Amino acid sequence: MAASGKLGTFRLPPLPTIREIIKLFGLRAVKQLSQNFLLDLRLTDKIVRKAGSLADVYVYEVGPGPGGITRSILNANVAELLVVEKDTRFIPGLQMLSDAAPGKLRIVHGDVLTYKIEKAFPGNIRRQWEDDPPNVHIIGNLPFSVSTPLIIKWLENISLKDGPFVYGRTKMTLTFQKEVAERLVATTGSKQHSRLSIMAQYLCNVEHLFTIPGKAFVPKPKVDVGVVHLTPLIEPKIKQPFKLVEKVVQNAFQFRRKYCHRGLGMLFPEAQRLESTGRLLQLADIDPTLRPTHLSLMHFKSLCDVYRKMCDEDPQLFTYNFREELKQKKSKGQEKDGDPESCGF
């Protein structure tokens, strides 16, 4: 991905600094919400540059907070910037930015996990999935507490071509806890290789752009932060329903230090577990003694394809949840323990 060499020609007028905005409105980061403010405009400008050219692009910023990255985006000559902020304390500071950039900044008080963006931008900017990405870009300094559920939600949106991806293969430039960023780009065999690696990489081209030291944030988090760029692929590397892929991958990685047959076995009811797991691995041509971290995307493609066929043969298989079976067994065991006849009374 080629990064834009410089920010756009539009410049905001002189404004209070982000630090002054924080002081002016009495803002403070809420630890329970994993809030950390990025005050250095050189770093926010770098995030925007690494996102690529945003000239005449419709940008959706999630969690703008006091507006550090927001300023850098506005200075990139965007067509329009839509920000969605859940915390009402930040709205007055963002409104100040909106007043300084008439017609450029739209503020929505809402939750990014539930906000419907499908009709937020003009319909004429939509592109076919096979075409180049549309002039829409998602940018955000994500709170650690929502980053993983949010990216999983967006990955499912990609698979369905809905949500932010009704416009086409919308690009994303997002911050994550460094460990999460490393998992998103991890290669087969690395210790960071995980469920998140497979789920992201089967649907997107994923690039870890750079790392921001924790000391750059206020308050300083205990970890560094990674900036990640994701571009949806024209064709997913696994052509099965998202929920099916997610189920196979989740089960495979739940016992990441054991052989892969251990976790994959949890896809099947106990009565048929040994036989069905053996059949799955044999048909997928996978060594049952491989560790989950050594299962590649192509391994998971084979596993998902075979598991889909097994589900087609036995439709109840897809809805099977080993935790539910375990819960039922425990419940029956407790009932038996409490039965007077079973206790000899």
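Backbone N, Cα and C define each Cβ position, glycine as well.
What Swiss-Prot says about this one:
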- 1-27: transit peptide (TRANSIT)
- Leu38, Gly63, Glu85, Lys86, Asp111, Val112, Asn141: S-adenosyl-L-methionine binding site (BINDING)
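Positions of Swiss-Prot features highlighted on the structure.
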residue	record	Cβ within 10 Å
Leu38	S-adenosyl-L-methionine binding site	21
Gly63	S-adenosyl-L-methionine binding site	24
Glu85	S-adenosyl-L-methionine binding site	24
Lys86	S-adenosyl-L-methionine binding site	18
Asp111	S-adenosyl-L-methionine binding site	12
Val112	S-adenosyl-L-methionine binding site	22
Asn141	S-adenosyl-L-methionine binding site	27
Based on DSSP, name the secondary structure state of Asn141 (S-adenosyl-L-methionine binding site): helix, strand or coil.
strand
Using DSSP reduced to three states, classify Leu38 (S-adenosyl-L-methionine binding site) as helix, strand or coil.
strand
Where does Glu85 (S-adenosyl-L-methionine binding site) sit in the DSSP three-state scheme?
strand
Cα-Cα distance maximum in Å, computed over every pair in Leu38, Gly63, Glu85, Lys86, Asp111, Val112, Asn141 that the record assigns to S-adenosyl-L-methionine:
20
